[in-house]
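What Swiss-Prot says about this one:
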- ASN59: N-linked glycosylation site (CARBOHYD)
- ASN171: N-linked glycosylation site (CARBOHYD)
- ASN197: N-linked glycosylation site (CARBOHYD)
- 1-24: signal peptide (SIGNAL)
Amino acid sequence: MRKKHFNMILKLALISSLLALAASRTHLTDCLDDHKYCVGLPRGCVGTECNFAFSSISNGTHTEIEIFGNSVIDKTWLAIGYSADKKMEDDFVVFCIRDDAGTNMNKLDQMAGLAYNGKHSNEMTGTIENIKKNKNDKFGLDLEMKEYEKDEQTLYCKMAHRVEPIIDRFNVSKVEILMAKGTWMKGGLSYHGNTRNNTGIIDLSGESKHKRKNSAVGSLALVSSAITFLAAKMLF
């Protein structure tokens, strides 16, 4: 009887894991929307095949972002940074963490947060939970966790935040994006080292991407250009 019960638990766990993976794959490959931007590493990857993937869709006041990573073990953070240029100084950082022992899956506000990067040194604003508790969202990004999924070595996070603070800070709506990964240490972000990449520019204003002809070839080209819009190396 115990063996049957144990096998049933294993089956349910496997089904849950597969459903989570399928959900992430659906989200991350939904890049045909004229307003949605997607990038991934390595070049040519799609969805959960990527080592690192990011998407953004904006309505002009808020943007919804997705961050996905493979080979993500315990005590790891994934992040994207918004910057006015490729130097990646004076930029906003939105991060998502995997801390199996230090976080509670029932409290999603522990899983993500904000930091501010000066000259390549992160100043922690805090997790969403701490920001709300301490009322220290000084830039008014109003970050919110929408979905959080983790598997044996994968991490998927969907978040939303206001875009006005970023646009006002840089005085532009089109900003450079950095994707990075590092070790979560003592409640903070360790330096990412070489595990980073400048992936291009996104428009936070919510304006449509350049429209192509309404054809199967055009649609496939749009997916290809959206997913592979990046240029350099990222080491994992």
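In case you wondered, yes, glycine gets a Cβ from its N, Cα and C as well.
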So which of the glycosylation sites is most packed in, judged by how many other Cβ atoms lie within 10 Å of its Cβ, out of ASN59, ASN171?
ASN59
What's the CA-CA gap between ASN59 (N-linked glycosylation site) and ASN171 (N-linked glycosylation site) in angstrom, rounded?
18
Would you mind pulling the DSSP three-state label for ASN171 (N-linked glycosylation site)?
coil
